[in-house]
Amino acid sequence: MQSPSPATSHEDLRAIVSDHMHLEGPMLPMLHAIQADFGYIPEDAISVIADMLNMTRAEVYGVVTFYHDFRKAPAGRHVVRICRAEACQSVGGTALSEAALARLGIGWGGTTANGAVTVEPVYCLGLCACGPAAMVDGKVVGRLDAARLDALLAEAGA
Amino acid sequence: MKIYIPMDSAAKALGADDVADAVKAGLAERGIEAQIIRNGTRGMIWLEPLVEIDSGEGRIAYGPVNAQDVPALLDGKMDSLGRVEDIPFFARQTRLTFQRCGVIDPLDLAAYEAHGGLAGLRRAAAMTGPRIVEETTTSGLRGRGGAGFPTGIKWKTVCEAEADQKYIVCNADEGDSGTFADRMIMEGDPFSLIEGMAIAGLGVGATKGYVYLRSEYPDAIRVMNAAVEIARAQGVLGADIAGSGRAFDMEIRVGAGAYVCGEETSLLNSLEGKRGVVRAKPPLPALEGFLGKPTVVNNVISLATVPVIFEKGAQHYADFGLGRSRGTVTLQIAGNVARGGLFETAFGISLGEVVEDIAGGTRSGRPVKAVQVGGPLGAYMPREKFDTPMGYEEFDQNGGLIGHAGLVIFDDSADMLQMARFAMVFCAVESCGKCTPCRIGATRGVETIDRIARGDTAATGLLTDLCETMKEGSLCALGGFTPFPVMSALTHFPDDFATRKEAAE
Ligand SMILES: Cc1cc2nc3c(=O)[nH]c(=O)nc-3n(C[C@H](O)[C@H](O)[C@H](O)COP(=O)(O)O)c2cc1C
Ligand code: SF4
Ligand code: FES
Ligand code: FES
């Protein structure tokens with residue numbers, strides 16, 4: 001996870017958006033690039049994109065909110081995504097994730113009080129033959145059990 | 001000496017990177033000269049990390065190997081599994097689409113070519129578009145993304161459409177739980193997908209392709225991007241592909257975490273930068289697809305199978321299979337399973353043979369209760385249906401669907417009421433919001449199942465009616481097929497919907 005920049009700069013946003021203007025269907029690549037840079041989609045980005053793509057702010061907002069990936073606020077320093085889908089459920093994934101959330105005192109999508117870890121649900125990571133599965137900042141882990149998940153969360157500072 | 005250590009994300013999730021580091025260090029310590037190759041996975045996930053050592057007498061397999069095992073491995077003190085090709089799970093397969101997966105370094109184009117790659121593209125480059133389409137039709141290939149629509153017929157529509165620009169769009173959204181074939185091929189043999197898209201481009205007269213790849217697959221995104229650059233540098237993509245005098249190039253686009261964007265029209269909207277809502281058909285994407293232009297939308301496995309069809313000939317491919325399901329099915333065996341992974345075989349094998357015999361039943365050792373086939377919109381198949389052969393029509397006749405060919409195995413501790421409830425929750429979370437029966441109905445479905453769970457068994461009638469409404473009144477298969485898992489759970493496992501009431505009495 002990149003740590004989000006302290007202030008969102010209008011100029012940076014315009015630069016990112018400009019970089020993608022030549023693409024066919026540039027919106028998603030723009031939003032991904034902005035989120036990679038800022039850690040979330042700042043309010044300002046909506047206006048910049050709307051302005052440069054000649055769309056209304058409402059239209060851009062509608063796109064941003066449609067997708068689970070785009071955040072309206074920064075996440076914790078680390079993001080742990082735990083699979084909630086069927087194959088992981090068949091090997092005890094539900095109990096595992098519920099226990100972990102209870103220990104951290106947060107719900108799905110929540111961030112620990114110290115700001116270290118955000119836990120998000122994900123519906124399948126393609127690791128369905130070695131579940132329960134999770135992803136820590138883009139790094140995959142399989143065949144999780146309570147001890148392993150606790151260790152990962154502790155390592156992330158939760 | 002060559003040492004193969006997979007870089008597939010399932011292998012990595014089980015520690016393959018640590019093993020690779022330990023092997024590197026161990027070799028240096030011992031002063032052994034060896035080449036480490038990071039291959040894709042062979043698909044035997046229960047053996048991952050599966051390390052293969054080739055000292056001149058074939059590739060000898062060891063697995064699962066963890067980092068602590070590496071000293072023993074390098075000192076020849078670890079028990080081997082024998083030659084990888086002789087492991088029964090592997091030996092029983094017919095590997096066509098996955099012929100190179102796990103065999104080569106995924107980004108080594110010369111190795112790709114040495115193992116049959118690009119032969120299909122060269123053959124196609126000498127054919128006219130309509131001939132390419134005809135060859136595809138002859139192979140009997142049907143879409144592996146879910147609907148099983150004949151690929152050649154789809155291509156014919158696009159081929160015959162008049163337009164200044166046409167597109168090939170690869171659906172790599174692979175959102176179904178229990179599926180990972182797309183991921184495996186993109187990480188393990190990405191050039192086969194690129195070659196398949198190029199052949200499709202030549203066939204229909206499209207010069208531009210996109211792979212819409214889900215954001216949940218960062219490893220696959222990395223490998224595919226690297227492979228596209230290599231292919232472009234080597235003239236597999238570009239202005240004159242494989243000496244055909246025709247152009248084709250492609251880009252990788254990343255999804256944003258919406259299951260419904262696997263539906264082809266929602267995907268096209270998303271690719272255009274819009275909300276991923278489903279479009280009404282007609283118009284077909286084949287006529288008005290990406291940016292309103294004629295567009296082929298095909299699944300990763302459909303497209304990655306095209307090169308072997310052109311390499312070996314359409315008839316060779318069509319000679320495998322059962323009834324109207326020709327060729328091979330790339331089964332993904334997942335969930336609570338003893339031997340999980342990818343198993344490619346001719347259509348026609350029975351569900352029971354796969355689950356009990358090939359996969360060895362459950363990981364927990366308890367009896368198999370149900371198998372969900374075809375992802376979150378697929379039916380829960382009880383043991384009584386285990387003689388159903390793998391075939392599109394055969395599954396349909398047995399109240400199920402093959403979909404993307406994922407099998408999720410559950411043992412007898414599974415609570416099928418909870419699984420039915422999850423199907424409704426998932427539909428509610430992922431609905432694109434266009435149809436009332438899907439958007440509202442799924443939420444009502446959750447409430448109704450909760451009533452049943454509290455002992456109100458009369459609510460099962462309500463649930464059945466609701467499922468009927470969703471089936472009839474939904475535009476796409478998200479709302480339309482969610483009744484499959486729900487009703488199959490209710491029909492085949494009625495006890496799970498009744499026990500709570502009895503317990504309360
Ligand atoms: C809700 C929903 C999700 C889908 N997800 C996928 C997917 O992830 N991958 C895929 O290839 N097809 C998916 N499909 C099927 C596609 O709409 C389409 O049939 C397919 O991409 C066509 O390619 P094929 O003919 O090669 O299978 C989905 C369909 C629905 C209704
Ligand atoms: S069935 Fe659901 S997902 Fe499909 S178009 Fe209707 S609302 Fe959208
Ligand atoms: S269901 Fe969890 S990784 Fe696929
Ligand atoms: S409300 Fe949209 S199809 Fe019925």
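Using the three backbone atoms N, Cα and C, a Cβ is placed for every residue, glycine included.
Caution: TrEMBL annotation is automatic and unverified by curators.
The feature [2Fe-2S] cluster binding site is assigned by TrEMBL to A:Cys83, A:Cys88, A:Cys124, A:Cys128. For A:Cys83 ([2Fe-2S] cluster binding site), the same-chain residues lying six or more positions away in sequence with a CB closer than 8 A to its CB are A:Gly93, A:Pro121, A:Val122, A:Tyr123, A:Cys124, A:Leu125, A:Leu127, A:Gly131, A:Pro132, A:Ala133, A:Ala134.
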Can you list which of these binding-site residues (A:Cys88, A:Cys124, A:Cys128) have a Cβ closer than 6 Å to ligand 4? none
Using a 10 Å cut-off on CB atoms, tell me which of the binding-site residues A:Cys88, A:Cys124 is the least crowded. A:Cys124
For A:Cys128 ([2Fe-2S] cluster binding site), what is the tally of other C-beta atoms lying within 10 angstroms of its C-beta? 32
